[in-house]
Amino acid sequence: MGERILLVDDEAALVKGLRRSLEQAGFEVEVATDGRQALERFAAGGIDLIILDLMLPEIDGLTVCREVRKTSQVPIIMLTARDEDVDRIVGLELGADDYVVKPFNPRELIARIRAVLRRVKPAGGVAVGVPVHPGRGVAVAGGTGQGSGGPAGAGAIPAGAGVPGGATAAGAGAAAGAGAGAAAGAGEAAGRRTGRPDDGADDADAEVLVRGPLRIDRARYRVTLQGRPLELTPREFDLLVVLARRPGRVFTREQLLEQVWGYDYAGDTRTVDVAVRRLRERLEPDPAHPVFVRTKWGVGYYFAEPEDIARRFGGEPAPGSGAGMP
């Protein structure tokens with residue numbers, strides 16, 4: 001049984017053709033033709049991904065995205081006929097995982113769908129941060145105790161149940177091996193790097209990355225700061241892993257697009273800026289003065305080195321965190 005997609009669009013011809021393409025690709029498809037129908041159908045549960053048009057009757061796509069994100073991290077790909085930066089930026093800020101401008105090739109959209117779904121499913125195929133529904137895998141929506149659709153108690157599973165560690169963030173696919181295959185000279189091109197010439201910190205490939213009070217469990221798709229679970233979207237989890245594997249190494253926006261988004265992304269580099277800002281809002285004690293995810297002005301972003309984190313939080317750098325390497 002394929003993943004269940006909620007297709008939300010009021011253009012009958014587009015819906016007919018896209019539904020056929022998605023079903024031929026092995027997905028189950030449900031359709032809503034306005035924003036109100038979309039929210040009602042999503043609340044019933046069982047949706048693995050939403051394709052959401054921006055311009056909808058009743059309730060617009062941005063409002064639908066905002067409402068869904070109040071209770072769920074289910075992947076959302078937004079569609080629009082308006083190729084305007086403001087639409088892209090606002091959609092991503094509200095939590096959309098990707099953005100496609102009409103007209104588009106259905107094969108491109110299907111490739112993007114599969115890339116997003118790979119990121120939210122661990123190797124065992126159990127979705128993390130997507131809906132709970134009988135016979136289709138278990139999911140956890142952060143620490144809210146709710147599934148992707150409907151209130152707690154309506155098929156929802158509290159954090160910690162069903163998924164080891166009560167996963168609050170998804171990062172399958174790219175997260176499990178984030179940064180693998182990246183060019184060895186990426187950091188040097190950015191003008192700053194630490195660690196061995198061809199790798200990051202000693203624990204770069206470990207299942208658990210410890211960066212001061214921050215613990216990133218890649219096997220359980222769980223992030224905690226000083227023991228407190230953090231709820232991240234799949235994209236935010238991937239971005240954090242890529243940066244944290246190589247403390248001190250600067251990544252340009254283009255490199256982050258390639259490594260985190262994982263394919264030829266059609267958006268511009270401001271997409272990265274939006275994602276970093278959202279990550280900081282969830283991660284940093286003071287997002288205006290970030291401790292973990294730093295900016296190298298005019299170049300890109302990097303994860304703080306162990307000594308810098310230790311100075312902020314006190315104590316010695318954690319073993320294996322990259323401290324003391326040349």
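Using the three backbone atoms N, Cα and C, a Cβ is placed for every residue, glycine included.
TrEMBL labels come from automatic prediction, so no person has curated them.
Record features (TrEMBL):
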type: DNA_BIND; residues: 206-305; note: DNA-binding region
type: DOMAIN; residues: 4-117; note: domain 'Response regulatory'
type: DOMAIN; residues: 206-305; note: domain 'OmpR/PhoB-type'
type: MOD_RES; residues: D53; note: 4-aspartylphosphate
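Of all the Cβ atoms in the protein chains shown, 25 others lie within 10 Å of the Cβ of D53 (4-aspartylphosphate). Under DSSP, residues within the domain 'Response regulatory' (4-117) fall into helix, strand and coil as 52 helix, 24 strand, 38 coil.
Break the domain 'OmpR/PhoB-type' (206-305) down by DSSP state and the numbers are 34 helix, 26 strand, 40 coil.
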